[in-house]
Protein chains: 2
Amino acid sequence: MIQVAINGYGTIGKRVADAVRAQPDMEVLGVAKTRPNFEAETAIDKGFPLYAAIEEREHLFEEAGLDIAGSVDELVADADVVVDATPSGIGAENKSLYEEYETPALYQGGEDADLVGVSFNARSNFEDAAEADHVRVVSCNTTGLSRVIAPLREEYGVEKVRATLVRRGGDPGQTSRGPINDILPNPVTIPSHHGPDVETIFDDLDIDTLGMKVPATLMHMHSLNVTLEEEVDAADVRELFADESRLFLIPEHMAIDGSGKLKEYALDAGRPRGDVWENAIWEESISTVGRDLYLFQGIHQESDVVPENIDAIRAVLGAADAEESIETTDETLGIGL
Amino acid sequence: MIQVAINGYGTIGKRVADAVRAQPDMEVLGVAKTRPNFEAETAIDKGFPLYAAIEEREHLFEEAGLDIAGSVDELVADADVVVDATPSGIGAENKSLYEEYETPALYQGGEDADLVGVSFNARSNFEDAAEADHVRVVSCNTTGLSRVIAPLREEYGVEKVRATLVRRGGDPGQTSRGPINDILPNPVTIPSHHGPDVETIFDDLDIDTLGMKVPATLMHMHSLNVTLEEEVDAADVRELFADESRLFLIPEHMAIDGSGKLKEYALDAGRPRGDVWENAIWEESISTVGRDLYLFQGIHQESDVVPENIDAIRAVLGAADAEESIETTDETLGIGL
């Protein structure tokens with residue numbers, strides 16, 4: 001069994017922990033957290049050994065009545081692999097710790113691409129991670145873009161991608177973030193970082209991205225344009241996408257008009273936390289005008305990278321090939337709405 | 001003096017009435033309204049003769065203590081021109097009334113393009129209105145797109161336009177509209193009506209548009225891509241736009257990050273209702289990648305068509321040429337932030 005340490009038990013970390021537990025070939029060795037908040041409480045309730053990410057704060061956990069299994073150093077030393085799910089920039093600070101104990105590590109998309117040699121998306125470049133000890137699982141938006149671009153490149157060739165990313169202002173729990181009643185070009189300058197980030201997956205891709213922020217918390221929404229190398233029927237693209245397990249085509253009859261109903265559907269379906277691990281593509285939106293393909297897709301910022309982290313664990317340890325890993329991950333999590 | 005009747009005294013009508021009053025060559029003959037609400041009260045306070053748009057409802061105005069100058073038939077009969085600013089679809093119903101009295105009429109962008117022979121944007125096709133008695137002033141979004149496309153076509157030639165329109169859910173007063181905390185592809189199908197609508201102004205233009213709705217009320221935001229016929233420096237595009245009176249380039253030093261601060265700036269500047277009649281283009285966002293031009297622009301849905309209605313009055317009556325009319329309108333309203 002692969003012993004997985006999870007450093008950072010917030011939005012991503014707690015979901016990765018549950019996903020690891022669901023795998024037949026892995027177990028959660030422990031999770032590390034900086035503060036004894038509600039998530040720390042839940043970790044204990046679930047039986048995940050809890051480690052203090054910062055030694056000086058151990059007493060805060062004790063005062064809150066939460067048992068600490070040890071220091072993060074011990075956790076890293078004993079693990080086969082660490083998933084670093086700390087806030088952006090903290091992963092970079094943690095890298096020397098992982099190197100000290102020679103524990104392979106996965107970082108999240110908020111870290112700079114040049115922190116590590118390999119940026120990872122399971123569908124697009126699984127094999128690249130086999131040669132690296134430090135791998136970055138790209139961000140939710142980059143994951144969402146890569147999953148769509150990969151099959152299009154293989155099937156038709158892609159001349160250029162142009163995407164407008166209408167981003168949620170914050171996650172549901174991020175009460176300090178905005179905007180309220182506003183639409184912000186964000187960043188105002190073009191391109192946003194997303195285009196160059198997708199190029200860490202496809203290094204020869206021509207892509208321009210524009211970002212905005214709006215007063216919503218549930219999901220991001222992409223307005224995507226892909227100029228293909230040949231003219232294609234929209235129906236063919238729908239068929240191509242239907243074969244991709246991590247692309248969910250929302251059928252018209254479901255009458256899902258936005259991210260609110262989509263999340264409600266995921267909750268109704270009994271998914272943990274109402275997670276939508278797949279790109280949610282509105283089937284009716286898939287359109288072609290000459291070589292220009294257009295579509296809308298919802299990207300659940302809290303969860304679409306979770307299966308990618310699971311696959312990255314296997315990739316970096318050489319524990320499975322892409323097909324085998326993706327199939328196991330999808331089956332155990334229940335991916336494929 | 002051109003005698004102007006305004007049928008419909010809501011978001012657009014009340015602004016057009018104020019703008020007509022500010023012109024040296026026009027006056028407001030009267031405004032017609034269906035209900036004695038706060039706007040009817042303000043019309044009386046401003047000294048605009050108030051007409052009942054629906055005869056059977058005259059008693060409601062009397063009961064509210066508001067004096068009615070007469071019926072909408074009398075208003076239309078006496079006017080040189082009618083600006084129909086009624087809700088979408090009602091303009092079409094009113095057309096026969098205007099024809100009955102042979103009064104030239106302007107309609108708003110919510111009406112079908114085929115209701116009339118000519119769709120109008122002052123910067124793009126002023127002269128076309130001279131030969132028509134019934135003219136449609138295109139919608140706020142189509143106006144915003146046309147104003148940018150016209151100079152680009154003239155200067156560089158346009159191969160293709162792709163735009164994502166992130167639209168406010170409703171105007172500040174539209175309390176029944178949504179969404180709350182959501183991002184809706186709207187319409188889900190592609191293209192949105194905006195692209196074909198822009199083609200009523202430029203009939204040979206290749207344009208695809210995608211629409212969304214978000215929980216904001218202040219302005220729309222466009223993520224615009226124009227593939228030009230030649231490679232151009234972003235600095236040259238900025239200079240080109242700086243010469244256009246109805247394009248306001250937001251300088252970086254103003255630190256205006258979205259529509260909220262933009263509206264606040266317009267209010268601070270003493271503009272009536274904080275109206276932003278110009279396209280508000282973030283100067284930093286104007287970027288070129290090869291022949292692809294990108295930018296973000298805010299479109300104030302309540303007011304950007306107001307100067308266009310004023311110009312359309314002169315155009316349809318042959319009272320001035322484009323340059324003369326636009327200059328007068330801009331000067332009297334204070335356009336050019």
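From the backbone N, Cα and C atoms, a Cβ is placed for every residue, glycine too.
Remember, predicted model here, so these are calculated numbers, not experimental data.
Some features that TrEMBL has for this protein:
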ACT_SITE  B:C140  active site, nucleophile
BINDING   B:T11, B:I12, B:G110, B:R168, B:Q301  NAD(+) binding site
BINDING   B:S139, B:C140, B:N141, B:H194, B:G195  D-glyceraldehyde 3-phosphate binding site
DOMAIN    B:2-140  domain 'Glyceraldehyde 3-phosphate dehydrogenase NAD(P) binding'
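Distribution of TrEMBL features across the structure.
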residue	record	Cβ contacts under 8 Å, 6 or more apart
B:T11	NAD(+) binding site	B:D171, B:G173, B:E302
B:I12	NAD(+) binding site	B:A85, B:Q108, B:E302, B:V305, B:V306, B:N309
B:G110	NAD(+) binding site	B:P87, B:S88, B:G89, B:G91, B:S139
B:C140	active site, nucleophile	B:G109, B:H220, B:I299, B:H300, B:Q301, B:E302, B:D304, B:V305
B:N141	D-glyceraldehyde 3-phosphate binding site	B:L165, B:R167, B:H194, B:D197, B:H220, B:H222, B:I299, B:Q301
B:R168	NAD(+) binding site	B:K213, B:V214, B:A216, B:T217, B:L218, B:M219, B:H220, B:Q301
B:G195	D-glyceraldehyde 3-phosphate binding site	B:V161, B:A163, B:I207, B:D208, B:T209
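Looking just at the domain 'Glyceraldehyde 3-phosphate dehydrogenase NAD(P) binding' (B:2-140), the mean pLDDT is 96. Note: the domain 'Glyceraldehyde 3-phosphate dehydrogenase NAD(P) binding' (B:2-140) comprises 60 helix, 33 strand, 46 coil (DSSP; helix = H, G, I, strand = E, B).
Overall, the recorded D-glyceraldehyde 3-phosphate-binding residues B:S139, B:C140, B:N141, B:H194, B:G195 cover a maximum inter-Cα distance of 13 Å.
Highlighted in sequence order, B:S139, B:C140, B:D171, B:E302, B:V305 have their Cβ within 8 Å of the centre of the Cβ atoms of B:T11, B:I12, B:G110, B:R168, B:Q301, the residues recorded for NAD(+), and are not part of that set. Cβ-based neighbour count (10 Å, all protein chains) for B:S139 (D-glyceraldehyde 3-phosphate binding site) stands at 23. In the three-state DSSP assignment, the secondary structure recorded for B:R168 (NAD(+) binding site) is strand. Surrounding the centroid of the Cβ atoms of B:S139, B:C140, B:N141, B:H194, B:G195, where the record places D-glyceraldehyde 3-phosphate, the chain contributes additional residues within 8 Å, namely B:G109, B:V138, B:T142, B:T143, B:G144, B:L145, B:L165, B:S192, B:H193, B:D197, B:V198, B:T209.
The NAD(+)-binding residues named in the record, B:T11, B:I12, B:G110, B:R168, B:Q301, extend over a maximum Cα to Cα distance of 16 Å.
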